[in-house]
Amino acid sequence: VSADAEPIRVLVTGAAGQIAYSLLYSIAKGDVFGKDQPIILVLLDITPMLPVLDGVVMELQDCALPLLREVIPTDKVEVGFKDLDAAILVGSMPRKEGMERKDLLKANVAIFKTQGEALEKYAKKTVKVLVVGNPANTNCLIASKSAPSIPKENFSCLTRLDHNRARSQVAMRVGVPSDSVKNVIIWGNHSSTQYPDVHHAIVNHHGKEMSGFDAVNDESWLKGDFITTVQQRGAAVIKARKLSSAMSAAKAICDHMRDIWFGTPDGEWVSMGVYSTGNSYGVPNDLMYSFPVMIKNKTWKVVDGLSINDFSRGKMDATAAELVDERDTALTFLGA
């Protein structure tokens with residue numbers, strides 16, 4: 001660890017929650033921003049969670065991590081969002097039993113409007129913002145609209161968990177390690193309408209590179225059960241564990257932020273929800289939509305020129321329609 005490196009300020013919201021508990025150690029030990037990058041961790045949560053947050057702070061101190069210079073627990077946005085280099089917005093209003101989707105959206109618009117305004121007022125203009133809390137795509141859009149002086153490109157939402165799920169399903173099916181599968185794509189919303197696409201995936205099958213379809217050699221599975229398994233994986237985890245995905249979500253957050261910081265490997269792309277305006281795939285403008293992206297110098301670019309067949313087109317349009325609907329509902333609340 002170089003003693004003279006300036007620490008970066010990293011915010012995690014919902015910091016007393018489950019995902020954060022799996023996430024904070026990885027960030028603090030250097031898995032995300034590099035092994036010689038000192039960190040000031042800012043932990044934001046709602047007031048009733050402050051006693052729990054104190055326990056998390058004690059544990060982080062007790063890990064005796066050389067990169068962790070300071071931990072700041074807070075329930076105040078002016079403390080939480082000050083001078084940030086990175087913001088990981090995990091906290092959101094979860095869906096309660098019997099809650100209408102509209103009510104969920106309304107509650108989250110209020111939260112992410114406040115956080116967007118706080119980013120605008122207190123954070124660095126170069127801050128990289130990752131929205132995890134659901135509905136992540138729309139929450140991300142609301143946050144970005146509430147922080148007009150921070151570039152839209154600095155906002156992204158998490159579909160890396162879905163990307164990792166898709167990659168792993170293909171790898172297990174073929175019987176290879178997951179790093180032998182690359183260039184799967186998640187298109188659209190982080191919801192059950194998302195489209196996990198393997199038409200451009202490459203599998204290294206015991207030393208031989210082949211297309212995902214050839215390697216799996218089961219088109220009906222790839223166009224059927226594979227897609228629904230990935231789409232509904234979150235619900236399956238909740239059913240089994242009685243809690244939502246935390247370890248895998250935290251790992252995906254680390255993957256996503258590390259790729260923003262250090263770039264993607266040559267010839268590989270990853271999936272993340274980014275601002276859709278100006279894309280070449282006919283996705284409506286002014287959405288946060290998941291695309292395949294390559295990242296260099298902390299800047300993402302949508303991978304252009306991939307051929308889209310009718311099967312893919314239909315699925316990409318369906319998830320876009322859901323996002324347009326969510327956005328339009330959210331914007332009525334934003335104005336209110």
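Heads up, the Cβ atoms here are built off N, Cα and C, so glycines get one too.
Here is what TrEMBL says about this protein:
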ACT_SITE  His190  active site, proton acceptor
BINDING   Asp45, Asn108, Val132, Gly133, Asn134  NAD(+) binding site
BINDING   Arg95, Arg101, Asn134, Arg165  substrate binding site
DOMAIN    9-155  domain 'Lactate/malate dehydrogenase N-terminal'
DOMAIN    159-333  domain 'Lactate/malate dehydrogenase C-terminal'
Problem - Residues near Arg101 (substrate binding site) in space but at least six apart in sequence (CB under 8 A) - result: Arg95
Handout entry: Which of Val132, Asn134, His190, all recorded positions, has a Cβ with the fewest other Cβ atoms inside 10 Å
Key = Asn134
Problem - Which same-chain residues, if any, lie at least 6 apart from Asp45 (NAD(+) binding site) yet have Cβ under 8 Å of it - result: Thr13, Gly14, Ala15, Ala16, Gly17, Val52, Leu53, Pro73, Asp75, Gly91
Exercise for the section: May I ask which of the binding-site residues Asn108, Gly133, Asn134, Arg165 is closest to His190 (active site, proton acceptor) if we compare their C-alpha atoms? Expected result: Asn134
Completion exercise
Neighbouring CB atoms within 10 angstroms of the CB of Arg95 (substrate binding site), all protein chains considered, total 15
Completion exercise
Same-chain residues at least 6 positions away from Asn108 (NAD(+) binding site) with a Cβ under 8 Å from its Cβ, in sequence order, are Ser92, Met93, Gly133, Asn134, Pro135, Thr138, Asn139, Ile142
Fill in the blank from the handout: Pairwise CA distances across Arg95, Arg101, Asn134, Arg165 (listed as binding substrate) top out, in Å, at 25
Practice task
Using a 10 Å cut-off, grab the number of neighbouring Cβ atoms around the Cβ of Gly133 (NAD(+) binding site), all chains included.
Solution key: 25
Practice task
List the same-chain residues at least 6 positions away in sequence whose Cβ sits under 8 Å from the Cβ of Arg165 (substrate binding site), in sequence order, or say none.
Solution key: Pro196, Thr229, Val230, Arg233, Ser248
Practice task
Over all pairs in Asp45, Asn108, Val132, Gly133, Asn134, the listed NAD(+) binding residues, work out the largest Cα-Cα distance in Å.
Solution key: 16
Exercise for the section: Take the domain 'Lactate/malate dehydrogenase N-terminal' (9-155) and average the pLDDT across it for me. Expected result: 96
Completion exercise
The correct DSSP tally for the domain 'Lactate/malate dehydrogenase N-terminal' (9-155) reads 66 helix, 27 strand, 54 coil
